[in-house]
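Asker: Below are the structure tokens for one structure; questions will follow.
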Amino acid sequence: MLYSSEAYILIENIGEEGNPILRILLAGGGSGGHVFPLVAVYRKILEISNGEAEFLFMGPDFFSNGVFRKEGVRTRIVFSGKFRRYFSIFNLLDVFKFPVGFIQTYWHIFWFMPDVIFAKGGYGSVLPVLVGWMFRIPVIIHESDAAPGLANKMLCRFAKFILVSFEESVAFFPKGKTFLTGNPIRNELFLNIPQNAREVLGMKSSRPVIVVFGGSQGSEQINDLILISMPDLAKKYEIVHQCGRSREQDMKKGALLQIHNIEERNFYHVYGLMTEPELASAYASADLIVSRAGSGAIFEIASFGKPSILIPYNGGASSHQEKNAFVYADTGAGIVLEDENLKPHIFLNSIDSILSDAKKLEDMKIAALNFAKLDAAEKIAKAVLALGRQS
């Protein structure tokens, strides 16, 4: 285990009695990959602390704030400039967001005055961590990816501890305050699995189930691949597809055009963004998962022990998803299809070769479960509580 001794002692020795209510600031957001792990940690802190904690979520976007409002958490949207490592007019525009966002962040933190800050990384974490450091508030940051993002590389010097999902990212951060936890996932995904999971998703056949995830915002690349492959997929498999919040109707129309056999249209089930019970049902029902290679998706897939085909997004900074995908694939739990191999015939052959080989399926399931870190949310929650109580 890659614990510093101080961090290990901190996590394993949290007082449980006689503690005042803690104020905890959660920072991050911007995408489902950043916000849902924060939700997992928030829920675990509530459980461990018996509700004796007060929270404020601070993020740069309406989606993340909406997620936390549904959890009953107070939220604040603050401007946060995003630095893109390529030429973009938005880099210039975002320069002006920084001073406004700094004033907003300073104001909200001054009045909330948390005991501890937990930041999930990304541009939404920068100002809360910097302002928290100015107020001498202890900070824990979490890095999701195998190759750390620019924000966390900068913010690590202001953090008491850095928690990482992948062992490969430990080397990027200071020794003595960096340790491996994995990426937190929502326990409710396991608790909300209905006995009739397939029926919840409208499946009535005994066909193998392929679940397709393109991220919370959807992936045009994956959506197009599914549509092109649809005539062949619908002949043999049940397909459950989360296509992105704004793309559901387009995918429904496209499927009608692609699947000429009326009966086979019943084997395609499309969702914009799944609810937790639907997501739990999809994971439980899946024989194979096709997904982007964000850290959150990988750790959820691994936790359910599902074989996977990963299609990394190659437009991200430092090719984070590609590195995540290949680190995971090296364990034997999945295979990677890069852009140059993302052809319908290669995609279909990859699916058939996995689902037709019982031994390969079993080996991939075992490798996935061995990679999973089901206690990540608990470890992180304990660290946040302990550091807050020490402050």
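The backbone N, Cα and C atoms fix where each Cβ goes, glycine too.
Please treat TrEMBL annotations as automatic predictions, because they have not gone through curation.
Sharing the features that TrEMBL gives for it:
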DOMAIN    24-162  domain 'Glycosyltransferase family 28 N-terminal'
BINDING   Ser31, Gly32, Gly33, Arg186, Ser216, Gln321  UDP-N-acetyl-alpha-D-glucosamine binding site
DOMAIN    209-378  domain 'Glycosyl transferase family 28 C-terminal'
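Help me see these features in their spatial surroundings.
Answerer: Counting residue by residue with DSSP, the domain 'Glycosyltransferase family 28 N-terminal' (24-162) contains 70 helix, 26 strand, 43 coil.
Ser31 (UDP-N-acetyl-alpha-D-glucosamine binding site): 18 other CB atoms within 10 A of its CB, across all protein chains.
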Asker: Taking all residues of the domain 'Glycosyl transferase family 28 C-terminal' (209-378) together, what is their mean pLDDT?
Answerer: 94
Asker: In this structure, which of the binding-site residues Gly33, Arg186 has the fewest other Cβ atoms within 10 Å of its Cβ?
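Answerer: Selected from the binding-site residues Gly33, Arg186 on minimum Cβ neighbours within 10 Å: Arg186.
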Asker: Please state whether DSSP places Arg186 (UDP-N-acetyl-alpha-D-glucosamine binding site) in a helix, a strand or coil.
Answerer: coil
Asker: According to DSSP, which kind of secondary structure is Gln321 (UDP-N-acetyl-alpha-D-glucosamine binding site) found in, if we only use helix, strand and coil?
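Answerer: DSSP call for Gln321 (UDP-N-acetyl-alpha-D-glucosamine binding site): helix.
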